[in-house]
Structure formats: structure tokens, C-alpha cells
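**Student:** The following block contains the structure, expressed as C-alpha cells.
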């Protein structure tokens, strides 16, 4: 009996397996379509953001270079940049509702590529072809590498899709992999903050790691909020779940503190260093957070994961080359500089510069005496040659030479 029934059972199970296989390609094609929509929205958003920031910068430069007494927020150029900035941010925000977090985050390299191209286009100086290629060869190579990396990221990006409902987000939030990840991240964040605040470890890696750790929580919450809004628009309301507002508050809070640390880093380091190192650290930590919280790489084969990692590395190298070739901004000194005098010390008041320094310059205008200066820099007494006036027998009174001491 058992032997006679087994072939019938096998024949009955065969159509079920075939039906299951036939459904899988449809699901894959739909998920790839969502990936493409999310990637295009992210690319569009980053392009528009780059154009907006350059427009606002252009409006500031025009006002500084002209005698226009208007404030920057009264110009049409600045408001156009603000409008494009909001439009770009909306595009990036909506992209998280369609594609996995690990795919959207590395696409911020597009803004670096766009900024490099826009900067080259709007150069006012005229370069010879040889000088132009010699100056911008790294930018061209970096743009090419970043484009190749972006293509690999889109092609081999994670293909995991899940409805961002309140139940699913709550389940991910209390899962043990994410709780363990959060514990490690909180400990690391506290240690870095302790060294930064108490030990004055103002290293760029320390500050940007703080930014990256906060940014990973920002993108996790952005993905949750955007996904729940998309599901609600599709007809399944999710805005009545408390987890939506918890994620919204965390998103705003982490974004604010992230901006604070970025502002502190911009006061200490060059923007090109912040752009390259910040992109690498933030992307790495954000991908790790997305893979832990949303399980982005679950079910992916080894080839796709390796090609995705290769795309990230190529994009990292491209961004590094682009930012390395940027011309560093030199602060303007509205007072007399004495860079030509080697060895002159900077003038500080208890470690805080009274006036901005330029290449360790010793400049007029600083409010501090020079008691600690070496003896060689004290005012010297000039030799006076006495001249004979009148008759030979009568000598003119000698000139009075004033000796300057340090105490004066």
C-alpha cells in the first residue's frame, strides 16, 4: 500500500512545486522594479541637492563681490536653491520607501560627482588644455570610478523587500541581532564622546565616527517613516501606530545632533576631508545598520554580496580622488600679514586665537603683548651717526636715542 501510494503522492505534489517556482520570477521582477525606482529617486535627489547648494553658494559669492546691500535671503537665486534643496531632500526621502537601505545610502556619491562637474563647469579662469587635464585628471578619474561603483551598486544591490508595517518594524526593533548591534553602538558612541569631550581628542576620525553612528540611526528611522507613509498611501494606514511617531522623533533628534557634530568638524578641518572620510565612514556604518535591522542581505548569494562590496570600494576610491583634488579654501585676512618673517609665533589668548591665523602667520591686530618672544625679535637700537654742524670747534648736541625694553 505504501509503495503504491508514493508515486501518486509525488505526482500530486509536482504541480504545487511548479506553481511556486512560477511565482518567484514575478516577485523578483517586481522587486527589481522597486529597486530601480528607489535608485532613480535617490540619484535625482542627490543631483538636485548638489545643484541647489551650488546655487546658494553662488548667490552668497555674488553679494560679497558686489555692492548690493540686500541680504542673501532676499535674492531669487538663494530662494531657487532652497526650493531645489527641499525638492532633492524629498526625492531622497521617498527613495527609502521603495529600495533597501543598503542600496540607497551609497548612492550619495552622486552628489560628490555632481559637485565636481558643476565646479569644473562654473570655473571662471581660462586654462590651457594641458594645464586643465593636469589639474583635473584626478577629478576625471574619480568621477569615472564613482560612476562605475554606482552602476555595480544598482546592479548587484540587495533585493529584499518587506512591507513597512507597524508590526514588521516593531518585530525588527526587538530582534536580538539589532539589540546586540545597538548595545555595541551605544558603548562605542559613549567612548568616542568621552574622548572627544573630556580628552580633547579632536581628531577628524573621532568626530566623523560620531556623525556616522548617529547617521546610521537616522537612515534606519528614515527608512521606517518613509516606508510606513508609502504603505499608508497605498491604502493600508500605518500612521496610527505609536512606532511611527517614535521613529519620527528619533529621526529628527539624530539628524539635529548629526548636524551639530558636522558643524564642529567643519570648523576644524577642510571640507574635502570631511566629504571623503565622512562618506566612507557613514556609508559603512549605515550599511551595517541596514543589514542588521532590515536584514537586507538575507537570501543573497555570495557573488551578489561580493560585487556589491566591490562597488562600494570603487565608489569610496572615486569619492576620495574627487575630494583630494579640490582646491582648499584659504581664509581671508583683513589685516596686515607677516608670513614673510620665518619663525614668528602665533598670537593666542589662552589657546583661543584672537584673530584668524593664515599658515601660522604673525599678524598685526592681535590683542596680546610679546613678552614671551625671543630676544632676537625685540626692537633693536639703531646706530646713530652724529654729524658736525656749524664750526669745527663746536659740536652739535648728540641725538637722544630711546631704548625700548620688553616691559614697555
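Cβ from N, Cα, C; glycine included.
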**Student:** According to TrEMBL, which of these ranges is transmembrane segment: 13-35, 174-196?
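**Tutor:** That would be 174-196, per the transmembrane segment entry in TrEMBL.
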**Student:** Ranges 274-295, 340-361: which does TrEMBL label transmembrane segment?
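**Tutor:** The listed stretch tagged transmembrane segment in TrEMBL is 274-295.
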**Student:** Quick test of your reading of TrEMBL: among 203-231, 377-405, where does it put transmembrane segment?
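**Tutor:** Here TrEMBL associates transmembrane segment with the stretch 203-231.
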**Student:** Can you work out whether the transmembrane segment (103-123) touches the transmembrane segment (174-196), with the criterion being 3+ CB pairs under 8 Å where the paired residues are 6 or more apart along the chain?
**Tutor:** no
